[in-house]
Amino acid sequence: MERSEAHGFSAAMSGAFLLSCLLFAAVNRQQRGPYMDEAFHVPQAQAYCHGRFLQWDPMITTLPGLYLVSVGVVKPAAWLFGWTGSVVCSAGMLRFINLLFGAGNFYLLYLLLFKIHHKNKAVSRFQRILSTLTLAMFPTLYFFTFLYYTDPGSVFFTLFAYLMCLYGNHKTSALLGFCGFMFRQTNIVWAVFCAGNVVAEKLNEAWKTELQKKKDEKISSTKGSFSDLIRILQFLIEYLISPKNLVTLTALTWPYIILVTAFFVFVFINGGIVVGDRSSHEACLHFPQLFYFLSFTVFFSFPHLLTPTKIRKFLLSLQKHPVQYSLIALISLFLIWKFTYVHKYLLADNRHFTFYVWRKVFQRHELVKYVLVPVYIFAGWSFADTLKSKSIFWILMYFVCLLAVTVPQKLLEFRYFILPFLIYRLNIPFVSLYRQLLELAFYIVVNAVTFHLFLNRTFQWPNSDEIQRFMW
């Protein structure tokens, strides 16, 4: 990092952290006690603070990574600064852990953007810093920086694992992947993603060699027709059934293999992926979750995905391939018809934005979910189009992980989309400075509205004196 860029990055990170501290103080003044899921997380962390490591709230469904890290930070700080009494593991002190994770995520996002796009000399230092600031302000993640939830820590360890993977430190990456798994079990998918990066790189090298033998220089053309896709799948199968290739890949990815093996042992012993209360977290084939994620991504990345040029390209693609798009539409309609699930929490909890999205959009009429299929198709096409700079094997690997992390979830919950969105957003090309500024301005507006609603638009349920707040 050059000196001018280092100064610019330090100024952006310091300014963002100062703003977050001011907002953190406002949140803690308005909501001093635990709110929503904090009612489970805060007492559990406080039990750990008092050395009661065998005490466990059966309503908690994630592993104790957040609480262990919290004790590991708060206890030494309390000893160092002489804190005593209830302040040591108060809700405010525990929330501050996530503020620290937020600062760590800011730094990791910058390092990942630098590593992934280092070959693109057209990207200026200012654009890199601006893009980092934008992603650090990503509304769904940024909001939970101020509450004691698992999301900031989950994102931190997963992004750290991804960074180490890109630098070839796979043992460190797998260890960090384990830490991410301890925050949320589904993060095992992103450990597989890290291993998949290694596999995709080897596959791409072998595929280029294969094309060179056939004197076919344009590897990007393989992303076009259906017959070319069949060729790639045949090559993939032939490559992966070769004992020599399997030995090579195993030698490269063995830390991740050990981690995934440990995960399956955990699932076998635990009797499932969820710890604690499983009644509300049953896995199912909820294929429309992919459509919701694509819509979510278009909404938050519209300067990248929703442009006049892309719309024209999409319409031209429709004209060229009407049969393929008709087939995709029919499959989408079938998946929506047979695999749409509505979780009881989605219908019952009017504190979450998803409650209003579902009620105002999907519950307007029975046919709405089918009418939205053209929107989903455009979102999917635009999403894939922005990834065309990546190798076909990377794209296949990412989509497999995306399906694995979204489809089994019965509950429509925007927090589940944070990591797949960030990994997607990190890997797409940079856009013009104007569009970057538009994206940042949009995130700032969304965050301002979100925190205004949370802090100032409180309400109460009938037969309850407790203050309720709107949130993601």
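Including glycine, each Cβ sits where the backbone N, Cα and C put it.
TrEMBL labels come from automatic prediction, so no person has curated them.
The transmembrane segment annotation in TrEMBL covers 6-27 (among others).
Annotated transmembrane segment per TrEMBL: 60-81 (among others), in sequence order.
Non-local neighbours of the transmembrane segment (93-114) in the same chain are 1, 9, 13, 16-17, 20-21, 24, 27-28, 41-42, 45, 66, 69-70, 73-74, 87, 128-129, 131-133, 135-136, 141-142, 144-149, 151-153, 155-156, 159-160, 162-163, 166, 422, 426; each lies 6+ residues outside the stretch with a CB under 8 Å from one of its CB atoms. Under the heading transmembrane segment, TrEMBL lists 93-114 (among others).
Long-range contacts of the transmembrane segment (126-147) within its own chain (CB-CB distance under 8 A, at least 6 residues past either end) are made by residues 5, 8-9, 12, 16, 20, 23-24, 27, 35-36, 38, 95, 98-99, 101-102, 105-106, 109-110, 113-114, 117, 155, 300, 414-415, 417-418, 421-422, 425-426, 430, 433, 436-437, 439-440, 443-444, 446-447, 450-451, 454, 471-472. Residues or ranges marked as transmembrane segment by TrEMBL: 126-147 (among others).
Marked as transmembrane segment by TrEMBL: 254-275 (among others).
Counting only same-chain residues 6+ beyond the ends of the transmembrane segment (287-305), those with a CB under 8 A from a CB of the stretch are 138-140, 332, 335-336, 339-340, 369, 372, 375-376, 378-380, 382-383, 386, 402-403, 406-407, 409, 412, 414, 417, 420-421, 424-425, 428, 431, 435-436, 438-439, 442-443. Feature annotation from TrEMBL assigns transmembrane segment to 287-305 (among others).
Only residues 6 or more beyond the boundaries of the transmembrane segment (325-346), in the same chain, are considered here, and those with a CB under 8 A from a CB of the stretch are 280, 284-288, 291, 317-318, 352, 354-355, 358, 369-370, 373-374, 376-377, 410-412. Marked as transmembrane segment by TrEMBL: 325-346 (among others).
Here TrEMBL flags 367-384 (among others) as transmembrane segment.
The transmembrane segment annotation in TrEMBL covers 390-407 (among others).
For the transmembrane segment (440-459), the residues of the chain that approach it from at least six positions outside its boundaries are 23, 26-27, 30, 130, 133-134, 137-139, 142-143, 300, 302-303, 467-472, judged by C-beta separation under 8 angstroms. The feature transmembrane segment is assigned by TrEMBL to 440-459 (among others).
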Lying 6 or more residues past either end of the transmembrane segment (60-81) yet within Cβ distance under 8 Å of it, the residues of that chain are 40-41, 44-45, 48-49, 88-89, 93-94, 97, 100, 148, 150, 153, 157, 179-185, 274-278, 281
